[in-house]
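Lifted from TrEMBL, the feature list:
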- 36-55: transmembrane segment (TRANSMEM)
- 39-544: domain 'Amino acid permease/ SLC12A' (DOMAIN)
- 67-96: transmembrane segment (TRANSMEM)
- 116-137: transmembrane segment (TRANSMEM)
- 158-177: transmembrane segment (TRANSMEM)
- 183-206: transmembrane segment (TRANSMEM)
- 236-258: transmembrane segment (TRANSMEM)
- 270-294: transmembrane segment (TRANSMEM)
- 407-427: transmembrane segment (TRANSMEM)
- 433-451: transmembrane segment (TRANSMEM)
- 463-482: transmembrane segment (TRANSMEM)
- 488-503: transmembrane segment (TRANSMEM)
- 553-957: domain 'SLC12A transporter C-terminal' (DOMAIN)
- 714-748: region 'Disordered' (REGION)
Amino acid sequence: KEPFEDGYANGEEGTPAGDAAAAYTPDSKGVVKFGWIKGVLVRCMLNIWGVMLFIRLSWIVGQAGIGLSVLVIGMATVVTTITGLSTSAIATNGFVRGGGAYYLISRSLGPEFGGAIGLIFAFANAVAVAMYVVGFAETVVELLKENGTLMIDEMNDIRIIGAITVVILLGISIAGMEWEAKAQIVLLVILILAIGDFVIGTFIPLESKKPKGFFGYNADIFMENFGPDFRQEETFFSVFAIFFPAATGILAGANISGDLADPQSAIPKGTLLAILITTLVYAGIAVSVGSCVVRDATGNVNDTIVNELANCTSAACKLNYDFSSCQSQAGAGCHYGLMNNFQVMSMVSGFAPLITAGIFSATLSSALASLVSAPKIFQALCKDSIYPGFQMFAKGYGKNNEPLRGYILTFLIALGFILIAELNVIAPIISNFFLASYALINFSVFHASLAKSPGWRPAFKYYNMWISLIGAILCCIVMFVINWWAALLTYVIVLGLYIYVTYKKPDVNWGSSTQALTYLNALQHSIRLSGVEDHVKNFRPQCLIMTGAPNARPALLHLVHAFTKNVGLMICGHVHMGPRRQAMKELSTDLAKYQRWLIKNKMKAFYAPVHAEDLRDGGQYLMQAAGLGRMRPNTLVVGFKKNWRQGDMRDVETYINLFHDAFDVQYGVVVIRLKEGLDISHLQAQDLLSSQEKSPCAKDVIVKVDYSKKSETDTSIAFAPSSSERTPTPRKEEDEDGKTTTQPLLNKGRHFPSFCSSSPLNVTDQRLLDASSQFQKKQGKSNIDVWWLFDDGGLTLLIPYLITTKKKWKDCKIRVMATLLSKFRIDFSDIMVLGDINTKPKKENIAAFEEMIEPFRLHEDDKEQEVADKMKEDEPWRITDNELELYKTKTYRQIRLNELLKEHSSTANIIVMSLPVARKGAVSSALYMAWLEVLSKDLPPILLVRGNHQSVLTFYS
């Protein structure tokens, strides 16, 4: 269907939202997608219920007591619940794709944080596989040891069993997500049976277990175990540090977000319900085991007492057992009880082998979840090309896009750490890596809410930005509680990766909250700045440069950038003339295209295109409307109109009137002239801007512009004589063997080989290109000569000072031909008082000037009055005899100044000079242009500067 002429939809086109949804909807044919139970709830529960549940929770209750143990579990739950709420908020704010924690953080905070966390989170999961497998292997080796069937020795047996186990887990993972999910269900059933086995066992206190400290539920035991009894230098926080890793694993479901049927619904429901269930189970077991098992027991049946002992007040004594020897012998003879036996749950349970199966299930399920999570996260990270060297791991295989290469890499990392078989050092670092991820997820929600981006509108409403901030702070505190040096190491690694990604500047735009907050800060500061009055001490040149297309006049751009970079505003004005409809199309495409060009070339500038009938109208529009609040231009910068004698004099009138318009709106004016010229647009500099396809290279020219090693910009410019802009393509040449080879387009170097041999650059164009890149190089030890002829507020002095503050110009010295410098605190190396400025210039120079202006004179004395008047009316730019005589002194001054400039400043890098200004309407355009021509001809690059008489320098602090 044809759309309406105005471009609006006629009602039958797809909507942008519908298109986006279609783009994110995967092809479901044969692809395995999980619901919230199998995909999130089961995984999270298995990952949270780790080996700690069976072999450390009872010890924690013994040390901290029931009350503080529940508090420890509650504190860990607060952290994980806040993180779960934050995860739910991010997951329901639009489509969620594969990549888990990395995807959530990178799309919220941007690639810098996402890239840093993604890499360490994937690595943490890979090493976690080794941790869980070693935990499994240690349990198996303990069983072998009890039965006297060790293969070699304990350490090597752990390595052998661990290696075999990780190979089997790899096979399950590679078999596909469906097989892995089935394995997880089986492991969960075993785990639940093991927990049920323990609960049933607590109600069956056998006589044989009483010497080992198990008496069944008893109020005296509960009261005795309620308070803490820290031993062996343990503290509340050390016990918390041991328990907290058991509460992690809440991202197990989010990590496979790409394999969920509806991640927006599944992640919140599954994660939060898993946290609730596992917390209740942890707290229930803590209370249960603390209510039926005493802290110390000898295991000796002979420790029963018949008569009540006077000095025995423990709960065991009341139950006719005397374990007081445990205190007297400092626990040397006690191997049972909460404090001394890690296998309390096996001892209490109804069927001990089922608890062992539960330990196996807990370790293997966590290992399997981590083995699946790490490759998925790493694959998503590699797909985004955050780290260019890892792109080979982005490739997926099969209908589920399985990251087989990632599986192999994770397997190798895990196997390497299993072979170490000593993970006490690496364990706290891994815990801190997970916590860093949690902290950033919480911070993402706070940051997104703070930025007030309209795009932040999660469907999940049960979150609060301040609670998320508290969650992020808690995560950082817990990192130090667990292990202070591991926390510092984590911060250093995250910061290092953040700096690396920031430096690399990945070309992505994810609408992150960092971008939103940058906008909000800029807006708020702009509004705040609008209420501040201008002060001379805060003056800075804010330039509107009439560049046209920014890449058409690179010398103009780089020179102005030298004194505005990090100091003032720089806006590149581009006036589009011609038919309105065509111009409007060009405006929209050019705006994005040239702003990209400026960013790519590290120009701290803005591109501002307008449509107008002529250059003067466009210039007026820009001078009146460019900028925002106090960040508005105050200086108009133009290139010297070199071809004024050959062109239409009406264009010259327009050009000069721009100066007067600038003064009318209180702008300063800077005219920049290079003797070779500024405009290279006739060579059609492309620099990879256009997206159109390049035509065959019959007449194209490739030019390599030399930049020194210290140059800020590294650009190659391609030129085509055609008026339309095209993208250069890599050129193909024949080597000596006659084989076609493709040469890269972007090169550095001084040489300018032709793109095709039929169109080499002529000498003039070659010089123009050399001149256009001269300000991109380090300038060396040379001079910037300042000819301060009029006090126009000090802009003529301020600009050269700002130039010398930049790295490329820092070795240049300022030489000033004026007075009053010391009061302005600007260093200068030499000063010359100009006493002979009004001396009559040389005759040959006067003759050359008269010859130059001859075609533009009216010669009214040689014509009849009516003819002369008519001619003056039709061609107001012509120079009359009366005018020439009236301004003879001023004419001679410009010629004389040129002589002095050649005498004193011919070796300077740049000349900065006061711009002569004639009263509006008093001097003809031709005479004024002749003054500028004769003043600035045959000289090094020259800036003719005129302030608006507003002081820009101050004598006082």
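Backbone N, Cα and C atoms are what each Cβ position is placed from, and that goes for glycine too.
What you are looking at is a predicted structure, and each value in this text was computed from that prediction instead of being measured.
For the transmembrane segment (270-294), the residues of the chain that approach it from at least six positions outside its boundaries are 36-37, 39-41, 43-45, 48-49, 53, 57-58, 60-61, 65-66, 69-70, 73-74, 77, 80-81, 84-85, 87-88, 195, 198-199, 202, 205, 213-218, 221-222, 224-226, 246-247, 250-251, 253-254, 314-316, 323, 337-338, 344-345, 348, judged by C-beta separation under 8 angstroms. The stretch in closest packing with the transmembrane segment (236-258), judged by the count of Cβ pairs under 8 Å and taken from 116-137, 433-451, 488-503, is 433-451.
Counting Cβ pairs under 8 Å to the transmembrane segment (488-503), the stretch among 116-137, 158-177, 433-451, 463-482 with the most such contacts is 116-137.
The highest tally of CB pairs under 8 A with the transmembrane segment (36-55), across 116-137, 158-177, 183-206, 463-482, is held by 183-206. Averaged over the domain 'Amino acid permease/ SLC12A' (39-544), the predicted model reaches a pLDDT of 83. Long-range Cβ contacts of the transmembrane segment (67-96) within its own chain (Cβ-Cβ under 8 Å, at least 6 residues beyond either end) map to 20-21, 24, 57, 60-61, 103-104, 107-108, 226-228, 236, 239-240, 243-244, 246-248, 250-251, 254, 257, 260, 263-264, 267-268, 271-272, 275, 279, 282-283, 286-287, 290, 438, 441-442, 444-445, 448, 455-460, 462-463, 467-468, 470-471, 474-475, 478.
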